[in-house]
Each structure stands twice: as C-alpha cells, then as structure tokens.
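**Student:** The feature domain 'ABC transmembrane type-1' is assigned by TrEMBL to A:101-313. Among the features that TrEMBL reports, transmembrane segment is placed at A:31-49, A:107-126, A:138-160, A:246-268, A:292-316.
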Amino acid sequence: MATETMASPVVSAGAKIKSELMQQRVRAARWFLLPMLIALAIVAGWPLLRSIYFSFTDASLNNLYGAEWIGFGNYLRWSVLESGTVRYRGLLVDPAWWNAVWNTVRFAFWSVLWETVLGMIVALVLNAEFRGRGIVRAAILIPWAIPTIVSARMWGWMLNDQFGILNDLGLRLGLLSQKVAWTATAETAMTAVLVVDIWKTTPFMALLILAGLQMIPKDIYEAADIDGVHPVKQFFKITLPLVRPALMVAIIFRVLDALRIFDLIYVLTPNSAATKTMSVLARENLFDFDNFAYGSAQSTLLFLIIAAFTILYIWLGKVNFDGGDR
Amino acid sequence: MASIELRNIRKSFGIVNVIKGVDLEIRKGEFMVFVGPSGCGKSTLLRLISGLEDITSGEMLFDGKVVNALAPSKRGIAMVFQSYALYPHMTVYENMAFGLTLEKGKDKEDIRKRVERAADMLQIRDYLDRLPKQLSGGQRQRVAIGRAITRDPKVFLFDEPLSNLDAALRVATRIEIAKLHEGMHETTMVYVTHDQVEAMTLADRICVLRDGLIEQVGTPMELYEKPDSIFVAGFIGSPKMNFIAGEKAANFDCSTLGIRGEHLQIKDDGIWEGTVIHTENLGADAYVYLEMGAEEPVVVRLEGAARYKSGEVLRVSPMQDKVHRFDEAGKPIR
C-alpha cells in the first residue's frame, strides 16, 4: 500500500520535469520503507526462499545441509513398472494432501461466512446507542483476547465426551440421547473446530465492521426516515453498500488467517483426518515424519494457494468496488 | 398544504429541558423562520415537527390532527439538512428518486418526470448521473433541496441549510429558496437559522426563540420596529441596536434606551457627546463607533462614506419617534 501511494504522484508527474521537492519526498519515502523491507526480508523472505529451495531437494531433518537437488520429484514423479503401467507419486497425487486442501478450504469458507454474518449482527448491535455500551464493547473482545491454545484447551474440555459440560447439558435437556465425542468423531470434528473458531474470531470481525459502521454519517438515516425507508431496506440499500469497503478488508484478513489455520486444529483435534489442514499436514511431514523436503513442498504449495486466493480476491474485489461506488 | 399547531410542547433529553412549553401556530403556505442564538432549541423544535424526535409532552397538530405518534414519513414532510445528508453511494438521480421508488404503485415514468421537474427548477439536470462527492457544496445543497421537492411535501423543513456554504453562495441560494417559496406558495415552510439576515429576508413571520421559549412571533418588520423585549431588539437588525442605560436613559423615563444606528443623527446641537474610536466604511454606508461612557461603543450608521478621524468629538441625537424604551425587566414601555 505504502509504496503504491508514494509512487503514484511520481508517475503522474513523470511526463513533466520532476520537481526537486518531489524527488526529496520519494527519497524520504524509500528511507522510511527500508527498515520494514529489511525486517520482512529476514523474517519472511529468507525462510520462504529456503522452504522453496528445500522443496526441490531430498533434505531430511538430520541432513539439512547435505541435501541434494532432485527437481520436481517431491511434487510429481513417475516410474514405469515392468508391466508397462505408469505409477505416479509425489505431492500432487497424494490423497492426504488433497484431503487437507479440501479441509482447509471448507474450514475457511464456513468460518469466514459465519463470522461475517454474526460479526455484522454484533457490530450493528454495538453501533446502537444503549447504556453500558462501552463495557459490552470491551467484554465482547474477550474471546479474541484469549490465546488460541488456552481457548482450544478450554473448549476441548467443554466438548469432552466423558466430563464435558456440553454433553452433560445436552443429556439433561434431552437434546442428546447419548454422550458424543465431539472432537474425536469424524462427523462432528469439523463442526467442533468451526464452532470454536467462530466463537473466537467473531469479535474481531465485529470490531472491524463496527469501525466501518461508525464512518457512516448518522444524518443520512434521518433522511431515510423522512423518505420512509423501512429499517430493513435501510440496511440493504444504505448500510451494506457503505460498509462494504471495510467489510471487504475484514473478510480478506479472515480468509488469509483461516487458510493457514494451525494451532486450534493441532490442539483440539490432533490427528483427525476430518480436520487436518494444509498447515497441520506440512508440520507433520516436516518434523514428525522426517519428510523435511516433502513438508517443504507442501509449505510451498500452501503459500501458492494463499497467494492465488489473495490475488483473486483483490482482483474481483476491485471490480466490485467500482460497481458498488457508482 | 398544511397548518401546524404546537400546543404547550416540551422536550427534555434526560434531565435537560430543551423546549420548555411552546405554543405556536404556523399557517398554511406560510414561510416561518425559527431564529435564535445557538442552544436556544430551534433545531430541536424543527426535529419535533419532523418527527425525528419524540415530544416529551404537549400536542402537535397538522391540519387539526394530532401527529405526536406519527412516523416522519407519514407526516407529508420533506427536510433539508445542514450537512445535506445525501446518500453518498447513489447518483443525484437516485438520491432524488430513492424515497419515491420505495412507495408502492409508483410508476417509473412518473418518478422520472418528478425528478426531472425538480432538477430543472434547481438547474441540476446536468448532474443527475453524478455522485454527491463529484459536486460542490452549493450543488449538493441544491440536490438536497431537489430531493425534498420530489417528495411533493405539504410541509418543507429546512435545518440551517446555508450554514455550510460560503458567503457568496449563501446569498445566491437564499434567493433561490425565496423563489422556491414563491413557486410553491401552497407549501408550508419552516426554516431554522441563527442568521438574522436570513430570517429577515426569507420569512413571512419570524419566531425568535431563547432558552427553549418563544420570545416573540411576528413579521420581520414587526420585530424590527416593535420588539417585545431587549433580547429581540438586540437580536434583530444589523448592526446591533445600541443600548444606553443610566442617566441618559432616565432622561427618557426608562431604564434602558434602545436606538438603532441608522436612527442616530450627527448634528452640532446633538444631545449626546461621544468620541470617535473607529470608523468602518462599507461603501454604501458607514459605521461610526462612538465612546460615550457606556459599556459598549455606540454605533452610528451613516449613508455613503464617513470621513471622521479617531479621537474626534461628535454630538449626536436620536430620532425622537425611533427610540425604544425598556423597563427594568427588559420589556418595552409604549
């Protein structure tokens, strides 16, 4: 963002002679950007390049530096058997990997969808004037402020099949006929993870949307009242189009976060094929199974998938921005 | 076309009483201006009429029917806001048509005609496809007025519509609103302002408010010539009326003597003596500020240019039939 906004005046003035003041500004901007770029190169750029490099080698944990280049072997390789059939191997034909991709995408879609809907409702409530609004606003942030490990453990205990309060409540209220191992059963594991993530992240979404809502001037709602616009129509015709830019940013934050989900699933449903995501699988290969190169290949693919999502979203989002702004 | 009647209207926000019992009748087709200093409750009173605020006690009648509990959209009103309150994501056309398109059984072609007619009245037809952010302040305010016109209201409410415009535009838009009133002479208009010039130039009748109560209601010239209190006398007219107390007032059998700058004459046998402290030449007229031992300098308004030097001593007399005498309570002695 910063480079874009700083660079645009230069482009527009490019045809003319660049003024000294403008050159000075551009120089200053570059100096201000430098520390961030260096930090990013060290903490993100270098590890990323290393991962990509390792994904083309046969590296293992106990032989990182003696790794040899094997090209695309980790991604796809094939051998022709004596019988003449071709056997493909590698990440691109690994069902465990595609299961993880499917899990991740499914998780990201449902969690972000629910967080957006619930976050919008919470934000609308918090945007209204009522007594003790400040306290409620602070209180609603608590789930988000708790470290994920803690909330995952907490929910793990609540969802426990033997001692969990949810099973106990369900039985007492007659909603359940028998105790359910929510996190361990393949059918319910994903739902359990989704519930915890939605509980945890809705406040964050609500806060971002609330910031957008508070940018909308109050008087246009009064104008709408005089125009006789029904409150539901006011929401869809006025609030939603005007909060849209903030909503788009909030959603992309959450999509990126959800696509690299790791900690919650690692703690709540370890080793469940029903919830194993790309990050969890990559870590498993990298450190547990000593398939360092294979794990690196998964990490690289994860990076590419997230990058593709982001580019697609920004590209589509821009089209929509223009449409919404009319 | 509607008459509005306010019966002992009160409004409080929590423990703060903003409107403290207002009785007022606004006639059909009348241009009524609420004027007063900031915090006097004039905007609140307008919002009570619009229905955007609930009335705490008292009765509000439109054409003899109580409307206390009626929603704003059911009152047949349109309102122009100080901040324009345009929908930022809609074009000028959509802004003006929005309210109409939501009404059931409205023909699209009919809506288009109404919007275009209003746009022609305000000369904004060329901007119908633009967004509010692509318009200047004056154009936005015209769109806001246009949106109100398309509603074809019985009552037109203005909440300080000119205060966000620069001086030249303010005068131009003021004239347009005056023309609008002439063109819509059946529509009752209520206009809030803190600017007494707007009040004087636009109003059929002015309602001067002070501290949540009506100070005086009357035509502009009634307020100018026969103010019911020192407050009204001081608020209406520019430059402000001079108030003289003490011995000079006692000579006129009153506790405070009010005299407008244009009703003071400089002549050699004037009854009062003052020292010139400053002169303002405005071209067509001039204000001469005289130090006369009162708290504030006395302003004399002269036609044409004044060539008095600071420090010069002048003698002035009030025109006998133009003085306003007030008793200790600030009420006029007539």
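Each residue, glycine too, has its Cβ placed from N, Cα and C.
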**Student:** Going along the chain, which residues at least six beyond the ends of the transmembrane segment (A:138-160) come within the CB cut-off of under 8 Å?
**Tutor:** 122, 126, 166-167, 182-183, 192, 195-196, 199-204, 206-207, 263-264, 267-268
**Student:** Same chain, outside the transmembrane segment (A:107-126) by at least 6, Cβ under 8 Å from its Cβ: which residues?
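**Tutor:** Hits for the transmembrane segment (A:107-126): 133, 136-137, 140, 190, 193-194, 197-198, 201-210, 213, 235, 239, 247, 250-251, 254-255, 258-259, 261, 275, 277.
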**Student:** Go through the chain and flag residues at least 6 beyond the ends of the transmembrane segment (A:292-316) whose CB is under 8 A from any CB in it; none is fine as an answer.
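**Tutor:** The answer is 48, 51-61, 64, 67, 70, 74-75, 91, 97, 101, 251-252, 255-256, 259-260, 278-279, 281-286.
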